[in-house]
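*Asks:* Checked Swiss-Prot, it gives:
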BINDING   Lys141, Glu178, Tyr179, Asp187, Arg211, Ser212, Asn213  ATP binding site
BINDING   Asp248, Glu260  Mg(2+) 1 binding site
BINDING   Asp248, Glu260  Mn(2+) 1 binding site
BINDING   Glu260, Asn262  Mg(2+) 2 binding site
BINDING   Glu260, Asn262  Mn(2+) 2 binding site
DOMAIN    104-287  domain 'ATP-grasp'
Amino acid sequence: MRIAVLSRNPNLYSTRRLKEAGEARGHTVDIIDTLHCYMDITMSRPAVRYHGEELPYYDAVIPRIGASITFYGTAVVRQFEMMGTFCVNESVAISRSRDKLRSLQLLSRKGVGLPRTGFANRPDKIKDLIKNVGGAPLVIKLLEGTQGIGVVLADTNKTAESILEAFMGLNANILVQEYIKEAGGADIRCFVVGNKVVAAMKRQGAEGEFRSNLHRGGSATLVRLSKEERATAVNAAKVMGLNVCGVDILQSNNGPVVMEVNSSPGLEGIENATNKDVAALVMEFIEANAKPNNTKTRGKG
């Protein structure tokens with residue numbers, strides 16, 4: 001098979017591993033810089049051009065699109081969908097996952113466990129917003145944040161008010177969530193491939209840090225999931241329409257709650273923590289599912 005990995009950096013661990021895993025299984029794997037792709041969208045025969053030439057037909061495309069290029073990246077994926085190429089994650093699903101509020105609304109509507117969550121831009125009654133989600137301690141997030149940036153823990157209602165007032169000054173959209181104290185600064189990253197959790201790790205925040213992101217000095221270890229945690233991760237992936245994703249779960253007194261569904265999960269942390277060849281499992285999924293026009297939206301989304 002001929003497979004394209006859409007990635008801005010061929011040296012990233014995840015990109016390298018996908019290429020290695022594909023080639024080890026006898027496939028041709030090209031790494032394509034998403035932003036260097038360009039298209040004539042009025043052509044009767046859809047195509048993607050790159051470095052002055054039309055790209056060949058690919059049996060599958062693996063989008064590795066960073067949050068900062070979501071708009072253009074999903075347009076490129078959509079063009080491949082219009083060409084009939086199988087895309088591991090569809091453009092509509094990627095766009096959906098990048099909108100944190102929309103994601104939480106969809107998950108809530110389908111009954112997926114979530115922390116109590118409020119959403120605001122410029123609330124005229126800050127105290128009521130805080131009260132509505134159960135009061136401090138609270139986690140306050142900028143909607144556009146990634147890797148733990150723009151995430152603050154407010155220990156008291158007064159602190160929460162001050163943080164919200166500061167964030168409002170940025171003219172930003174804000175999420176306010178209950179703090180799951182019993183999670184102890186840890187979360188579980190479930191790596192889902194084709195409606196199955198293929199690997200899972202527990203990420204523990206550094207001492208004194210409530211955020212468990214590995215980019216912020218957290219550590220990761222292999223974890224055994226309960227049936228409920230496994231089902232929650234798979235259900236969240238289905239609701240979001242993602243074939244390959246990372247589902248971040250907190251262990252609360254009321255059962256597992258989903259914090260985020262990541263459409264471009266990194267491989268380094270999960271492979272190192274679990275000693276599993278996750279990249280090869282992604283390739284297995286492609287081999288079983290990559291058929292022409294096997295994309296639900298077919299670029300119409």
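Counting starts with 1 at the first residue shown.
Note: Cβ is positioned from N, Cα and C throughout, glycine not excepted.
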*Asks:* Nearest of the binding-site residues to Lys141 (ATP binding site) by CA-CA distance, picking from Asp248, Glu260, Asn262?
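*Replies:* Its closest listed neighbour, by Cα, is Glu260.
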*Asks:* If I take every residue in the domain 'ATP-grasp' (104-287) and average their pLDDT values, what number comes out?
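*Replies:* Computed over the domain 'ATP-grasp' (104-287), the mean pLDDT is 90 on the 0 to 100 scale.
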*Asks:* Looking only at Glu178, Asp187, Asp248, which of these binding-site residues has the biggest number of Cβ atoms within 10 Å around its Cβ?
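*Replies:* When each Cβ's neighbours within 10 Å are tallied, Asp187 leads.
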*Asks:* So, in DSSP terms, is Tyr179 (ATP binding site) helix, strand, or coil?
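*Replies:* Tyr179 (ATP binding site) sits in coil per DSSP, no helix or strand.
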*Asks:* Which number gives the other C-beta atoms within 10 angstroms of the C-beta of Glu260 (Mg(2+) 1 binding site), all protein chains shown included?
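*Replies:* There are 18 such Cβ atoms around Glu260 (Mg(2+) 1 binding site).
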*Asks:* Among the binding-site residues Glu178, Tyr179, Asp187, Asp248, report those whose Cα falls within 10 Å of that of Asn262 (Mg(2+) 2 binding site); none is a fine answer.
*Replies:* Asp248
*Asks:* For Glu260 (Mg(2+) 1 binding site), which of the binding-site residues Glu178, Tyr179, Asp187 has the nearest Cα in space?
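*Replies:* Closest candidate to Glu260 (Mg(2+) 1 binding site), judged by Cα separation, is Asp187.
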*Asks:* Given the binding-site residues Glu178, Tyr179, Asp187, which one's Cα is the least distant from that of Asp248 (Mg(2+) 1 binding site)?
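*Replies:* Going through Glu178, Tyr179, Asp187 one by one, the closest to Asp248 (Mg(2+) 1 binding site) is Asp187.
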